[in-house]
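Asks: What TrEMBL shows for this protein is this:
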DOMAIN    33-213  domain '3-deoxy-D-manno-octulosonic-acid transferase N-terminal'
ACT_SITE  Glu63  active site, proton acceptor
SITE      Glu132  site 'Transition state stabilizer'
SITE      Lys210  site 'Transition state stabilizer'
Amino acid sequence: MVIYSSLLLAVLVVVAPYWLVRMATSGRYRAGLRQRLGLVSKGLHASAAGRSVVWVHAVSVGEVMAATQLIRELKQRLPGWLVAVSTTTETGQRLAKERLPDSPVFYLPLDLKFSVRKYLRVLQPKMLVLMESELWPRLIAECTRDGMPVVVVNARISDRSFPRYMRLRRLWRPFLEMIALFLAQSTETADRLIKIGASETRVRVTGNLKYDVQARTDNEMTKRIASILSGTRLVVAGSTLAGEEETLLATWPAIRQAIPDASLLIAPRHKDRFEEVLQLIRRSGTPFLQCSQLTQNPNPVVGGTILLLDTIGDLASVYGLASVAFIGGSLVPKGGHNPLEPAQFGVPVLMGPSFENFREIVKTMQEAEAIRIVANEKLAETLIAMLQDEAASRALGERGRAVFEAQAGAAARTAQAVVSLLEERVRTTR
């Protein structure tokens, strides 16, 4: 732990000049950095005072979305308790505040003793709940020192990270022994956790919380986009990464020629790439619109138009407008993103060959013939076929919806396991 803390402090010294510049130029960044350094806001002080608290950490947008239904289930089972939520990213922070208005939301403190201790003193939580693979050694150690159970929910170990965990399992084992309970997405992850050192008695399978992520249907941006489609069939390319937009733009002329009434919406995964993707679209010479610029009563788009979804938190709802949804992060070797987001609407789903981050979900959908996997060179051909054969695509989409509905319930199972452990700890400490 001493070596770990020393390395982290060394990194902080290196990045300090950058932080100082950002603090001077951005009030939002200044507030986030203060919280990361352990300066607890007055609002959080007031919210936690005299309350029984569960602390839930969700790193970014995807984890916040997955945690939302779990937190609602926890609140139903723990009336009067406060569920405090931390995130790592700014986008996750904004979404958590929007989705969870009854929970105080703050930035995760740096994994150093002084910053972690300040939050533990203020919150005095009865339990720490970590989403997926967010294992912070100092935070876990300090919670354990205070006798507080730490639970990892929706636990996942990807194909890419498993060999790394295995190589370092001797280092990880002491921290894994501090975890009171792992609630895994799948039996495969449960087996991997045990292999890297988790106690078999502390590992359970409760399912994937992302099966319980339901998009809002009252989203204002979605309504604006729907108002301009006017019969246009929409291909939604969601959570795209660098290299994928170029492929989509290169294939678009062929799709546009074959399906004149089709339009393409591109939603980059990261907001800091909005301008970069906008320039790519401009250089393609195709008519385009920025969704952030849509007015209350925009004019209808013509077939072939490209829309850039340059906003945060709207994609999950916008998927519901699609005739076909392409899942980004899958044409490049990044492991893909969540195909269930469009599947819940009955939208036919298409992915590239890289989907290891969601392998269990994709496998289930493949077994149900509810998803298409395509290589880069077949992208245009496959999209054209899916747009032309509407009956087959509709059937594909309905099978995807059936998979989504059949797998629901992970949030309730996870919440029950968390509350049962909490009640057990309360009984044993009396």
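Placed from the backbone N, Cα and C atoms, the Cβ positions cover glycine too.
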Asks: Have a look around Glu132 (site 'Transition state stabilizer') and count the other CB atoms within 10 A of its CB, chains all included.
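Replies: I get 23 for this one.
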Asks: In terms of DSSP three-state secondary structure, what is the assignment for the residue listed as 'active site, proton acceptor'?
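Replies: Helix, per DSSP.
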Asks: If you skip the near sequence neighbours and keep only those at least six away, which residues in the chain come within under 8 angstroms of the residue listed as 'active site, proton acceptor', Cβ to Cβ?
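Replies: Thr87, Gly92, Met131, Glu132, Glu134, Asn154 - these are the non-local Cβ neighbours of the residue listed as 'active site, proton acceptor', listed in sequence order.
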Asks: Counting only residues 6+ apart in the same chain, whose Cβ is under 8 Å from the Cβ of Lys210 (site 'Transition state stabilizer')?
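Replies: Within the chain, Lys210 (site 'Transition state stabilizer') has Cβ neighbours under 8 Å at Gly62, Met65, Ala66, Asn154, Asn338, Leu340, Ile361.
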